[in-house]
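Below is one structure, written out as structure tokens; the observations come after it.
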């Protein structure tokens, strides 16, 4: 009885007792959720337009962040290093299209998936060769991101909000809005969506696969850089960052592989839920560290009920 | 091979000429065994034949979509508008004014009808105003699409999807449309409607058409010239009017027997091949 009480009653009582602390937990969760969502967004874009499950998205985040920091270490001013890094990501996109995607066109999905594992290994090697394997500190201040923190006092308690987290959330929201506008209103965005719907038909109306692929990988590169900056500001830049890309998998299962909305909602949901679960259930009942597996369990449950994910595209077919 | 005599009416250079092409899938499966055909500028030409005769493969060989199915043109040449095009990607070919409407419509199901149409303008460089003008033109030809322009294409009817697919091709300002099986899965009345529009586009916009059809009856009424394909070869070709009167065509494709109803037992199974080769 007391066990049931500690599962079903006590956590909620705790939340109600200290709403300021609860808000703090939700906020922390939200910030990591934004990061998961950004990574998942990179996956979704590439998956939508080429049906490639891009295992390399995580390492692209690391690589972009490393390039940015590395350039700055070598004397490039921070605000110049950002466009230069974007240029590097563009060259990378062109290189991947030429060297990997084009020769493998029409191969089974699994081969392309293996190829992205290859890209991952290549980027790890390249990154270590150029920038070394040591951890680096993200150049947060040099980029003009405020590092102080605000204290808000709801319900008579206090919640501390780091300014760089606020910047991250605002930045991510702007990025997502820009991306949605691009996808829905521009000619290239329309072509990306068309390619996701029907490859053959897209080819038949003259949509150029290589142009779109370069574009999509480049956009993923931009997203990777944004993710890298934000995550690097919280946890430093190291190859361990790559592991957070795995968190994008449950996000994708929850949200659906093809849905931009799904990636965002799934990312935020997993970020918040895993934090709340950890604090109110994990630590008191399960000895903590539930964040390592909670997202995967949640994804598994979702898969049992809705295999296409919460926002997966309905297959429209007419015979 | 029966040589294909050039149509008598043809005085100018044809917009498309396919010369003795051979297509192999997966390096082993020989599908087209030397197909030659021409489409005169401003003409409607039909490729007829049964399932698996090679109609779609011929069209895809021209529009260069075979690559995606591991097929390749191994012999012969394809000349569109005075230029050899077999090495061009479909993107470059669409820029030159030759676009395919694929069998089974292939609309972008999750895009709205209008977005579908706009994807057809992907290769155009002549500015938003010209594209908008053409969008209105497409809506003039297909008023029904204007009504449904915000619906997801996947939820529109088969006829509307076929219209969307043709309209989408029109948005690229083509000189020639390769139309694959426009009648597939449509009610007879709709088939007529689609073909009427094809004829109108041909008359008013000067678009040349090469259409592949199983519905021989309709195709021969709207086309000016026809080629009949069997097992990857052209077995007969001629003016549409002449083909309609041809006994073999009547018997094999139009379902009218020469000597009244026959029992299936009376038809020797080699007869078909023997007739074509004679």
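All residue numbers here begin at 1 and follow the chain in the order shown.
Note: Cβ is positioned from N, Cα and C throughout, glycine not excepted.
TrEMBL lists A:21-45, A:52-72, A:78-98, A:110-131, A:166-184, A:205-231, A:251-273, A:285-305 with the feature transmembrane segment.
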Same-chain residues near the transmembrane segment (A:166-184), Cβ under 8 Å, at least 6 residues beyond its ends: 30-31, 34-35, 37-38, 41, 145-146, 150, 190, 192-193, 219, 222-223, 226, 230, 233, 260, 264
Beyond the flanks of the transmembrane segment (A:251-273) by 6 or more, those residues with Cβ under 8 Å of it: 26, 29-41, 43-45, 47-48, 53, 176, 179-180, 183, 196, 294-295, 298-299, 302-303, 308-313
Chain residues in Cβ proximity to the transmembrane segment (A:21-45) (below 8 Å; excluding those fewer than six residues from its ends, i.e. six or more beyond): 14-15, 53-54, 57-58, 60-61, 154, 157, 159-161, 165, 168-169, 172, 175-176, 179, 192, 216, 219-220, 223-224, 226-227, 230-231, 234, 244-245, 247-248, 251-252, 255, 257-260, 262-276, 279-280
Tertiary contacts of the transmembrane segment (A:52-72), as residues 6+ beyond its ends and Cβ separation under 8 Å: 39, 42-43, 46, 78, 81-82, 84-85, 88-89, 92, 101, 109, 112-113, 116-117, 119-120, 123-124, 126-127, 130-131, 136-139, 142, 220-221, 224-225, 227-229, 231-232, 237-239, 241-246, 248, 257
